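The active site, charge relay system feature in Swiss-Prot is assigned to His85, Asp131, Ser224; the stated evidence is sequence analysis. The disulfide bond annotation in Swiss-Prot covers Cys70-Cys86, Cys194-Cys210, Cys220-Cys244 and rests on sequence analysis. The domain 'Peptidase S1' annotation in Swiss-Prot covers 44-268, and the record cites sequence analysis as its basis. The annotation N-linked glycosylation site is assigned in Swiss-Prot to Asn23. Annotated signal peptide per Swiss-Prot: 1-19, in sequence order, evidence recorded as sequence analysis.
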Amino acid sequence: MKRLLFLFLLAGILINNHALQHNETIDLKKLAKIVLPPAYQTRVIGGRVTTNAKLGGYLVAMRYFNNFICGGTLIHELIVLTAAHCFEDRAEKEAWSVDGGISRLSEKGIRRQVKRFIKSAQFKMVTMNMDVAVVLLNRPMVGKNIGTLSLCSTALTPGQTMDVSGWGMTNPDDEGPGHMLRTVSVPVIEKRICREAYRESVSISDSMFCASVLGKKDACTYDSGGPLVYEKQVCGIVSFGIGCASRRYPGVYTDVHYVKPFIVKGIKALLSRSR
């Protein structure tokens with residue numbers, strides 16, 4: 001936690017200097033929502049209400065001590081794909097549970113316990129590089145309004161439009177998750193533009209890409225770990241951002257196609273140990 005507080009202070013200094021140079025004001029309360037748990041999570045802004053059934057049943061809600069923390073994607077009846085940062089300071093696997101087949105957080109769907117999880121050894125909160133984790137459930141997630149997605153098969157291209165869904169905040173000033181499932185379509189932003197936007201605060205690595213309609217459509221707090229979907233494939237994992245639907249900073253996602261070798265290896269390791 002001390003390391004995260006240091007990161008918050010460092011980010012505040014860097015971004016505040018950037019703001020002074022551009023005559024801007026930085027809201028440190030909103031910044032804390034992005035840098036410190038539980039808000040290293042994101043939400044859908046500018047979207048529409050939907051249901052898990054309409055989406056295909058692949059979106060799951062991940063809870064820690066029964067508190068909603070992150071979204072996730074069911075990619076196998078026993079495996080969930082999510083963000084590594086969701087597990088930061090939340091290492092007790094017995095305290096994690098996963099709800100499937102729900103559209104409202106208050107609904108009772110199909111609940112499974114987390115048996116194991118693997119996150120990339122390259123992941124560090126200070127860089128957010130390789131923000132990816134795979135989760136093994138204690139029993140298969142099957143039933144009504146439950147489905148799976150395949151992993152992204154092709155590299156992303158700028159302008160490509162994808163759908164992001166989740167229970168995240170719908171307003172940057174909110175204090176908790178939204179209870180209704182929402183979805184929004186966002187385009188992939190050119191990597192050069194993405195890196196330029198974040199150059200004063202964080203390095204955009206090869207494992208990341210940006211997507212949003214600046215100032216209008218984005219993921220936000222509590223959407224973290226959820227999927228960015230293209231043609232029934234999960235191509236992105238909601239990772240982080242500065243603010244939500246910011247005019248300057250687009251949302252940042254983990255590139256599933258880039259991290260696919262880690263995902264495939266992790267799935268094999270988890271399933272081999274589950275037998």
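Using the three backbone atoms N, Cα and C, a Cβ is placed for every residue, glycine included.
Structure coloured by features recorded in Swiss-Prot.
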residue: Cys70; record: disulfide bond; DSSP class: strand
residue: His85; record: active site, charge relay system; DSSP class: helix
residue: Asp131; record: active site, charge relay system; DSSP class: coil
residue: Cys194; record: disulfide bond; DSSP class: helix
residue: Cys210; record: disulfide bond; DSSP class: strand
residue: Ser224; record: active site, charge relay system; DSSP class: coil
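Across the structure, Cys70 (disulfide bond) and Asp131 (active site, charge relay system) place their CA atoms 13 angstrom apart.
Long-range neighbours of Cys194 (disulfide bond) (same chain, six or more residues apart, CB within less than 8 Å of its CB): Ile204, Met208, Phe209, Cys210, Pro250, Val252. The separation of His85 (active site, charge relay system) from Asp131 (active site, charge relay system), Cα to Cα, is 6 Å.
Set side by side, the disulfide-bonded residues Cys70, Cys86, Cys210 differ in how many other CB atoms lie within 10 angstroms of their CB, and the most is found at Cys70.
For the domain 'Peptidase S1' (44-268), the model gives a mean pLDDT of 88. Between Cys86 (disulfide bond) and Ser224 (active site, charge relay system), the C-alpha separation comes to 7 Å. Each of the active-site residues His85, Asp131, Ser224 was scored by the other Cβ atoms within 10 Å of its Cβ; the lowest score goes to His85. Distance between Cα atoms for His85 (active site, charge relay system) and Ser224 (active site, charge relay system): 9 Å, as a whole number.
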